[in-house]
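*Asks:* Have a look at this one before I ask anything.
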Amino acid sequence: MSAKKSAPTPDKAELTAALGVEVTDDLLERALTHRSYAYENGGLPTNERLEFLGDSVLGLVVTDTLFRGHPDLPEGQLAKLRAAVVNMRALAGVARGLGVGAHIRLGRGEEGTGGRDKSSILADTLEALIGAVYLDRGLDEASALVHRLFDVLITRSAGLGAGLDWKTSLQELTAVEELGVPEYHVAESGPDHQKTFRASVRVGGKTYGSGEGRSKKEAEQHAAEAAWNEIRAIVVGREAEAQGEQAVQEAVQEAQAGA
C-alpha cells in the first residue's frame, strides 16, 4: 500500500468541534496538507492556495471590525492594531489553542524536526482552514469563525495600543517615560532541531524582564511583555503616589484657608 493511501485521516469530528463549523472532507484534508507531505506523496494539492485565500478573509474581517469599532482612529493606528492581530505569533497561538498541530499532514522531514509545533506551519494551516470555511460555507460563516477565534485578541490589541507586539509596546512606554531604548540579549540552548531561546531586556542599565521561546523573536516578545508589565506597574504606582501627595497638599491648603 502506498504512503498516500495509508496516511492517517484527520479526526474530522475533533477538529470541527474545536472550530465550531464543518467543512467537506476534501477541503479539510487539503487545508491540513503541508507541502512537505504533498511532495512525499506524489504531488498532492497543498494547502497553500487555501492559505492565500484565508489570509485575505482574515484580513478583511479584522480590518472591518477595527474600522467599525474605532471610528476616531487614524489609518496608521488601525494598521498597527491589525498587524498586532494578523501576525504569525498570534495565529500560531490560536492554532495551538485549537489543537491544530495534531491534525496537520506533514512529510517525514518536517515531522522529525518538530513541524507540528512550528509557528509558521501552524499559522499557515489556520489561514488555510479559514479559507476552507469561506469556500464551503461562505463569508458569513467564515466571518463568524474569525470573530470566535480573534475577537479576544482584537480587544486586547486595542487596549494595549501596540497590541500583541510587546516589543513595540515596550519601546513606546520607555520613550514616554524617557527611560531609554530597550536592549535585548538572547542566549540559545538545545540541539539544532529543538532549540530553546532565552531573552532578557535591559532599559537604562537595569534588567526588567526575561522570557523563553522556540525562536529568538518569540523569546524577545515574552521578555518585552514581562518588562512592559513591570515598568507599567512602577509608573502606575508613582502616579498614584503623586496623586496622593497632591491630595494631602490640597487638604492642608483648604484647612489653612479655613482657619
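Each Cβ is built from the backbone N, Cα and C atoms, and glycine gets one as well.
Curation plays no part in TrEMBL annotations; they are all automatic predictions.
Given the structure is predicted, the values throughout are model-derived calculations rather than measurements.
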*Asks:* Given that TrEMBL annotates Asp124, Glu127 as Mg(2+)-binding, name the residue from Glu40, Glu48, Glu51 that shares the site.
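*Replies:* Among the candidates, TrEMBL records only Glu51 at this Mg(2+) site.
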*Asks:* Reported as an integer number of Å, what is the Cα distance between Glu127 (active site) and Glu51 (Mg(2+) binding site)?
*Replies:* 5
*Asks:* Compile a sequence-ordered list of residues in the same chain as Glu51 (Mg(2+) binding site), six or more apart from it, whose Cβ lies below 8 A from its Cβ; state 'none' when nothing qualifies.
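*Replies:* Listed in sequence order, they are Asp124, Thr125, Glu127, Ala128, Gly131.
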*Asks:* If you count CB neighbours within 10 Å, which one among the recorded positions Asp55, Asp124 has the smallest count?
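*Replies:* The recorded positions Asp55, Asp124 were compared, and Asp55 has the fewest Cβ atoms within 10 Å.
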*Asks:* Going by DSSP, is Glu127 (active site) part of a helix, a strand, or coil?
*Replies:* helix
